[in-house]
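Per TrEMBL, these features apply:
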type	residues	note
TRANSMEM	27-50	transmembrane segment
DOMAIN	43-294	domain 'G-protein coupled receptors family 1 profile'
TRANSMEM	62-84	transmembrane segment
TRANSMEM	104-122	transmembrane segment
TRANSMEM	143-165	transmembrane segment
TRANSMEM	199-223	transmembrane segment
TRANSMEM	244-267	transmembrane segment
TRANSMEM	273-293	transmembrane segment
Amino acid sequence: MLGLNGTPFQPATLQLTGIPGMQAGQAWVALVFCILYLISIVGNFTILALVIGEPALHQPMYYFLSMLSLNDLGVSFSTLPTVLATFCFNHRHVGFDACLVQMFFIHTFSFMESGILLAMSFDRFVAICDPLRYATVLTNNRILAVGLGILAKSFTTLFPFPFLVKRLPFCKGNVLHHSYCLHPDLMKVACGDIHVNNIYGLFVVIFTYGVDSIFILLSYALILRAVLAIASREQRLKALNTCMSHICAVLAFYVPIITVSMIHRFWKSAPPVVHVMMSNVYLFVPPMLNPIIYSVKTKEIRRAFLQVFYKSQR
């Protein structure tokens with residue numbers, strides 16, 4: 001479909017939706033989202049402040065953790081404007097170009113999180129399988145290079161998405177199914193040939209989530225083999241305990257993604273609320289859970305937090 005000026009039709013604004021069937025309880029939904037954002041933002045800022053301010057945490061493991069917290073803040077701030085506008089102020093329209101920008105950042109930060117979790121699994125692999133070389137392998141310069149590499153990979157692979165969407169006409173309405181902009185959601189209202197978008201989207205998912213998850217599993221297979229070779233049961237448990245926080249973070253990230261994919265593939269008749277709720281879990285739960293996981297499971301983080309707390313009480 002062409003607009004009046006002969007260019008592909010694109011709506012000036014897109015309409016966002018909340019959670020289907022929960023219009024009556026929108027105030028409670030808004031409260032839940034505000035609590036999730038508060039926990040996520042305060043928790044991740046706290047982790048960043050502790051890693052920056054406490055010399056005892058100036059180690060590779062905590063540098064990667066600070067990357068994860070910074071990325072989780074990016075996820076939260078990417079969705080926050082439209083989610084709060086939708087649920088708190090009942091403002092459900094977003095400009096088309098603004099929607100593309102939000103889509104780009106949401107997907108970029110999501111793919112970056114996968115890369116950071118992979119880097120953290122490599123950190124645990126070196127710490128357990130080759131502890132004597134840990135400090136020489138994971139130097140500050142290499143950690144910085146890994147972080148910049150993850151950023152560059154995510155940015156370059158996601159950069160074509162807004163342009164691939166921009167070229168399409170939109171003739172199936174302007175109503176999206178979430179309170180934020182996602183690429184699959186935009187494809188549902190786009191006309192024309194969307195095969196390029198779908199093929200490139202599949203390539204990016206396999207190139208990021210697929211490859212990263214395989215290497216994470218490989219890292220833990222090697223870690224498990226090294227741990228089982230340790231004679232002392234106490235030492236085996238101690239070694240595995242250093243991985244528990246990361247394992248929980250990986251599960252919190254990948255389980256919702258796998259669940260969303262399985263529902264989309266095998267339960268096409270699922271009510272719209274199921275798809276929306278699972279997408280919300282996928283975007284909102286990991287940024288909220290990660291600071292809690294690392295605060296509860298990592299004694300160095302707890303110790304640093306208590307030290308800062310006691311200093312503030314003096």
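Glycine is treated like the rest: Cβ placed from N, Cα and C.
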Exercise. To the transmembrane segment (62-84), which of 104-122, 143-165, 244-267 is linked by the most Cβ pairs under 8 Å?
Worked result: 104-122
Exercise. Looking only at the domain 'G-protein coupled receptors family 1 profile' (43-294), what is the mean pLDDT?
Worked result: 90
For this session: For the transmembrane segment (104-122) and the transmembrane segment (27-50), decide whether they are in contact, meaning at least 3 CB pairs lie under 8 A, counting pairs 6 or more apart in sequence.
Result: no
